[in-house]
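Annotated features in TrEMBL:
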- 43, 51: [4Fe-4S] cluster 1 binding site (BINDING)
- 52, 55, 60, 71: [4Fe-4S] cluster 2 binding site (BINDING)
- 260, 296, 334, 452, 482, 523: [Ni-4Fe-4S] cluster binding site (BINDING)
Ligand code: BF8
């Protein structure tokens, strides 16, 4: 039944933002929309990647009259060096997040606050890593595996443990091309060594290391982040939730979690749900407590607890502009420093919690695994106490939200799809039903839609329009990060969105009872997508690069996104970008990334700013791959 299902349009979201900015004007608030105007047009040297300031002889900028820097480095060396530095920043960031999760696992105790919620997964990983599991206490095992996980960051010899999960062919490529990542920290250090003054200036060498550094993220740090988060907080399974600003509740104390590390957000959710805290909120005149999220930590708690998603990256200021946010609690990454001064225009408490992300105009409550329970309680209490400081005249929550079913981990996808075709699903299951759908043409292929918002692209528009066209063409979409939230806000994760699909995909959605856009989690969870394609390749007997599958980040903005792009391409998946990674200043580097990589890793980038063309190119690529394998 179609019922009254209707997508929320980008125009409607923009109108809501306009209204919020009106509130902002009343209190003298700033907004990214204004700051973009002050910052444009952007510096052309920076935009094309030909500004070098890695030593103090410069900064050097390349022009037709000055084709070399003072050291003699040309545009190609400078662009490639900048690209590698950008990648290393992203790899370091994701991987350090993964390290924190290993650290949290090390602190897990039977009495909590951190417990082992998925012991089977822990045992599976332990066995995979050659750890004896028989007769061992699960917490002893957790600590042993956590130490091994932490050791991956500085391992003395060999490569990342998780690489063995890839198909043999992919592992051989990594070996042959000398891009199999060693210790995670080593790849970041090696990248910064290579980009130091007087080291590498040869584009091929720098781009090769970009792939290796990216792989140390996707198949190292990010994968650790995902896997051990599942062990600690549970492996996601389908759960219903809601998305967009309308999930905030004007009668309740609103706590917004923002950032990436679920160690914080999980604890906030836990204590906001505590009857004692709810009673305390009621004693302060609120009807209850609503926790909602922004950015990837929101994806984490949505996937595991059904906590609603207030918005994605460029909506983070909007939650404060509602005037109904008692506290925005952040951990690390993608947090606008603007939230400090903005919160001062309202009653909102801007709470920073990590030594990694400290900002002016915030209240710093240092969050630590040992004291997590007290820290979380103190934050929830602070938000409740702040409820009475709200100015009712400034409260406006756009009446805008959509239903979403989220929580599609690889385990959940396999179970859901296997259940449709195979009534005797065993515990492990396979991706064969999905392969059958693809080979028969019922589904033409799959696109992994990932990444951020970027003011260079009309926010959310590219994500939503691309997804609409893909599903109409029977291409299933798996999404993560802010792309997933764009889909959820629009309604594309509502199962009723099946009516926007082509006949084949619609049938699959009906039979499997899934939405056409599957939420696979946060950005570190793109590692889940790597496992999924690996399983598809193994189960089909094809190479990853032969599968009718592509990746796409139409609105990406962060260093992490470039690191991701590198490991997705290096895994054999063609990747389509809507924003140029500051490489247009070198035809050599651009050509290497868009063509040359194919000789190394059987996949390459496509950069296309026109999103109509971008989606057509992806569909074309998927059809080409189908033809090549004769399906
Ligand atoms: O890690 S998609 S804006 S929130 S970087 Fe940031 Fe980009 Fe969002 Fe998550 Ni990923």
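Count begins at 1; order follows the chain as displayed.
Every residue gets a Cβ built from N, Cα and C, even glycine.
Please treat TrEMBL annotations as automatic predictions, because they have not gone through curation.
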Message: Please list the binding-site residues from 51, 296, 334, 452, 482, 523 whose Cβ falls under 6 Å of any atom in ligand 1.
response: 296, 334, 452, 482, 523
- request: Rank the binding-site residues 43, 51, 52, 296, 482 by the number of other Cβ atoms within 10 Å of each Cβ, and give the residue at the low end.
  value: 43
Query: Within 10 angstroms of the C-beta of residue 260 ([Ni-4Fe-4S] cluster binding site), what count of other C-beta atoms is obtained when all protein chains are considered?
result: 31
Query: If you measure from the Cα of residue 523 ([Ni-4Fe-4S] cluster binding site), which of the binding-site residues 52, 55, 60 is the nearest?
result: 52
Query: Across all chains shown, how many C-beta atoms besides its own are within 10 angstroms of the C-beta of residue 60 ([4Fe-4S] cluster 2 binding site)?
result: 19
Query: Should residue 452 ([Ni-4Fe-4S] cluster binding site) be counted as helix, strand, or coil on the basis of DSSP?
result: coil
- prompt: For residue 452 ([Ni-4Fe-4S] cluster binding site), what residues in its own chain, 6 or more apart in sequence, show a Cβ-Cβ distance under 8 Å?
  reply: 312, 313, 334, 481, 482, 483, 553, 555, 556, 557, 558, 561
- prompt: If you draw a 10 Å sphere on the Cβ of residue 334 ([Ni-4Fe-4S] cluster binding site), how many other Cβ atoms land inside?
  reply: 24
- request: Counting Cβ neighbours within 10 Å across all chains shown, tell me which of the binding-site residues 55, 71, 523 comes out on top.
  value: 523
Task: Express the distance between the Cα positions of residue 55 ([4Fe-4S] cluster 2 binding site) and residue 260 ([Ni-4Fe-4S] cluster binding site) as a whole number of Å.
output: 33
